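K.L.:
Sharing the features that TrEMBL gives for it:
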- 8-42: repeat 'PPR' (REPEAT)
- 109-143: repeat 'PPR' (REPEAT)
- 210-244: repeat 'PPR' (REPEAT)
- 311-345: repeat 'PPR' (REPEAT)
- 412-446: repeat 'PPR' (REPEAT)
- 513-543: repeat 'PPR' (REPEAT)
- 613-647: repeat 'PPR' (REPEAT)
Amino acid sequence: MFLSSSKDTAAWNAMISVYTQYGFEKDALQLFNEMLHQSIKLTIVTFMSVLSSCNHPSALMDGFMVHSHLVENGFEGNPLLGSALVTMYGKCGSVEAALIMFHKLYHRNVISWTTMITILADSELGEDAFRLFELMQGVGISPTNITLLSVICGFHNPYMLDMGNMVHGTIVKLGFDTDSFIGTSLIKMYGEMDLLEDAQHVFDKLNNRTVVSWNVLIDAYAQNDQGQKAVELFWEMHDVGIKPDDGTFVSVLNACLSLNSIMDGKVIHSRIKATQYEHHVVVTTALVNMYGRFGDLDEAYSVFMNMKHRNTVSWNTFLSAYTQNGMAMEPLQSFYQMLQEGIMVNKLTYLSILTACEMLSALEECRRFHAMILCSEHKMDCSLQTAIINVYGKCGELEEASVYFDSVQQRSLVLWNVMISAYVQHCHDKKALELFDIMQMEKVGLDESMVVSLLKACSNLSTYDKGMSIHASAIKMGFDNQIDVGTALVTMYGKWGMLEEANLLFSGLDGRNVITWNALIAVYAQYGHIQEAMHFMQKMNGHVQPDKFTFISILNNIGTSSTIEEGKYVHALIVSEGLEQCTNVGTALISMYGECGDIEAARLVFDKMYEQSVVAWNCMLSTYAQLGLGKIAFNLYLDMLNEGLKPNAVTFLCILSACSHSGLLEEGLSCFASMKDDYKIEPKAEHFGCIVDLYGRLGELKEAERFIHRMQIEHHTLVWRTLLGACKRHNNVEIGIRAAEHALILDPKSPTPYILLSDLLTENQMWDEIAALKERMIQRGLGDFLDGLKAWGIT
């Protein structure tokens with residue numbers, strides 16, 4: 001047992017060396033500090049051992065401390081310790097300090113040169129490593145195979161090709177070109193530079209092709225979308241008797257993804273089952289990833305559940321497989337199982353879980369995970385911050401998103417982008433532009449995505465000056481001809497009614513896609529220029545294939561009997577494109593025929609739909625309701641229930657509206673009761689408003705008022721306005737005044753209750769009350785609406 005009271009330096013050195021050798025770096029440093037405390041003599045061996053324990057970026061400060069004591073003890077000029085300091089600073093991530101120590105070395109041998117070249121290459125400083133490599137040869141030191149390996153590892157990008165070729169020339173000159181390790185590094189280098197012929201040439205010249213050499217070449221082809229060649233190499237490797245290892249299987253499974261061939265993947269999977277790697281965590285994780293990317297979640301689940309050992313990477317891959325395929329509930333459930341198994345979660349885990357929360361609009365879950373991240377040791381980096389704001393934004397919790405956004409001290413452009421985009425998505429366009437003004441004050445730059453969001457906000461608000469200013473910025477930054485920005489510009493100018501400008505911008509865009517064409521067609525259709533919109537659609541057909549949104553944008557703006565022929569023509573085109581069975585297109589057709597009054601054509605479209613979703617049923621119910629065909633709508637609602645479909649809140653709004661328009665009191669009350677009792681759907685103001693309107697149309701004004709009090713919905717302005725409208729129809733002043741008072745208290749700035757009440761009072765020649773109402777409107781700042789009233793009868 002080691003006695004800390006011992007004054008024998010050799011014993012202390014030996015103990016520090018043992019701690020370092022077995023990975024107990026903190027204990028080694030603690031022992032070194034104890035030596036300092038007890039004034040134990042420090043030797044070269046002491047410093048060599050303790051410097052070896054400083055081998056991670058987190059140990060940099062400890063490294064500085066050891067270095068300072070080394071200087072204090074007069075060892076700074078020692079060549080062994082000098083080299084050890086270079087190595088230490090390199091491992092701790094301080095390249096600058098390592099270079100300073102390297103240049104301080106009085107005697108630099110091939111080992112110290114190679115060490116410094118390795119540090120630079122490992123730090124993604126390949127050009128600096130190459131310059132040092134040239135300098136090394138310039139002072140007459142010949143590189144070893146290790147030196148050459150190190151410098152090659154620093155070349156990753158095509159612009160480094162000339163440097164790579166020069167090192168390759170030196171390798172040939174020194175006779176290392178057939179060396180398996182160096183050859184494999186060259187293959188990797190050329191593969192990363194997309195030079196597969198050069199990679200293949202190096203591979204072909206190797207005397208000893210190891211499994212690693214094969215793996216690197218297979219991976220090079222896989223990473224460069226040459227999946228077929230990679231799979232062929234795998235079988236060629238098998239034919240020459242080289243046994244694949246875990247790296248081989250991972251590379252060839254990636255090749256199957258590149259090849260987009262699940263069949264090849266399954267064949268490789270069967271080969272894996274015949275080897276020792278069937279339960280190897282790296283290989284099985286690659287299988288989960290492959291099946292997940294191919295959308296075969298059953299197989300991904302099977303592989304994952306059969307894994308004997310699951311780590312953080314395999315769990316993350318499993319969670320990601322589900323979110324990538326639009327399935328969010330499973331990752332949330334699996335996350336807690338992951339914790340139960342004691343698996344450490346990391347940033348990628350949280351990113352997958354937050355993606356699932358976004359897909360489900362799971363606000364409470366997001367809050368829980370947000371708190372977990374804050375309480376953990378994970379650094380809240382840009383990707384996590386973005387994901388959290390994304391979820392809050394998706395859930396409509398813009399205030400919460402804004403509070404968190406404001407709390408972030410260093411906000412990246414991506415974060416600004418996400419926050420502004422969230423405002424625009426939820427129609428808080430003014431907030432988006434205000435945030436943009438703050439962003440400009442903070443000198444944050446723009447990107448294409450940001451410009452698109454801002455242009456949408458400007459088009460919604462009709463803020464011409466701001467929109468044109470952002471347009472000018474887009475031109476200045478060269479974004480205006482980018483397809484997404486160009487499309488947003490077409491939409492913005494089109495929404496402003498500046499159709500010629502929109503057309504001109506459209507004509508100037510290169511590479512117009514279906515979205516761009518749809519934007520131009522939509523703005524013309526929205527302004528009632530159906531003929532022009534259809535002209536652009538026909539013109540579009542010669543360039544790109546129209547999609548469902550092309551037709552929907554036109555159908556949504558055909559709404560009179562005078563344009564039904566255009567609607568029928570568009571319908572024929574939809575049939576020819578095979579889009580009639582698309583739910584969105586089908587519902588747009590039903591609505592179009594309903595708006596044009598052709599209920600038979602609407603019903604025919606509905607009956608022909610193969611898959612009648614709840615959305616389609618709701619659309620048909622709404623069409624009947626709009627045309628006052630309540631009885632038919634109610635029967636259709638019963639048919640829907642008989643088909644086994646579950647009505648939603650929109651369904652009940654449609655059927656209650658139909659009953660209201662047709663005066664079907666018994667049916668309406670029955671549906672309202674079923675909504676709450678059978679389907680557990682909480683009625684909203686619109687649902688209550690339908691029942692009030694139903695009573696009102698039948699003249700049951702007292703019952704309507706009792707219903708409002710019985711349901712305890714006095715806080716809804718809509719129900720009182722509806723009751724007031726019914727009182728006006730039936731000339732009931734008493735209940736009308738009470739309804740108006742409630743409506744005015746709840747929404748004093750709205751002119752509607754004033755106008756309805758004034759008409760009711762005028763009908764009954766209640767001039768004093770009208771005068772008082774006029775004064776009240778002026779006090780509320782609603783004087784501009786006085787001219788719109790039916791009659792005031794006073795000056």
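Note that Cβ sites are derived from N, Cα and C of the backbone, with glycine treated the same way.
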K.L.:
Restricting to the same chain and to residues at least six past its boundaries, which positions have a Cβ under 8 Å from a Cβ of the repeat 'PPR' (109-143)?
P.N.:
82-83, 86-87, 89-90, 93, 95, 98-99, 102, 150-151, 153-157, 160, 163, 166-167, 170, 174
K.L.:
Same-chain Cβ contacts of the repeat 'PPR' (513-543) under 8 Å, 6 or more residues past its ends?
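P.N.:
Beyond its ends, the repeat 'PPR' (513-543) has Cβ neighbours at 483, 486-487, 490-491, 493-495, 497, 499, 502-503, 506, 549-550, 553-554, 556-558, 563, 566, 569-570, 573.
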K.L.:
Which residues, given as numbers and ranges, are at least 6 beyond the ends of the repeat 'PPR' (412-446) yet have a Cβ under 8 Å from it?
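P.N.:
Distal contacts: 382, 385-386, 389-390, 392-394, 396, 398, 401-402, 405, 453-454, 456-458, 460-461, 463, 466, 473-474, 477, 479.
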K.L.:
Do any residues, 6 or more residues outside the repeat 'PPR' (8-42), come within under 8 Å Cβ-to-Cβ of it, and if so which ones?
P.N.:
2, 49-50, 52-56, 59, 62, 66, 69, 73
K.L.:
Tell me, roughly as an integer, the mean pLDDT over the repeat 'PPR' (8-42).
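P.N.:
In the predicted model, the repeat 'PPR' (8-42) has a mean pLDDT of 86.
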K.L.:
Just to be sure I understand, if DSSP states are collapsed into helix, strand and coil, how many residues of the repeat 'PPR' (311-345) fall in each?
P.N.:
25 helix, 0 strand, 10 coil
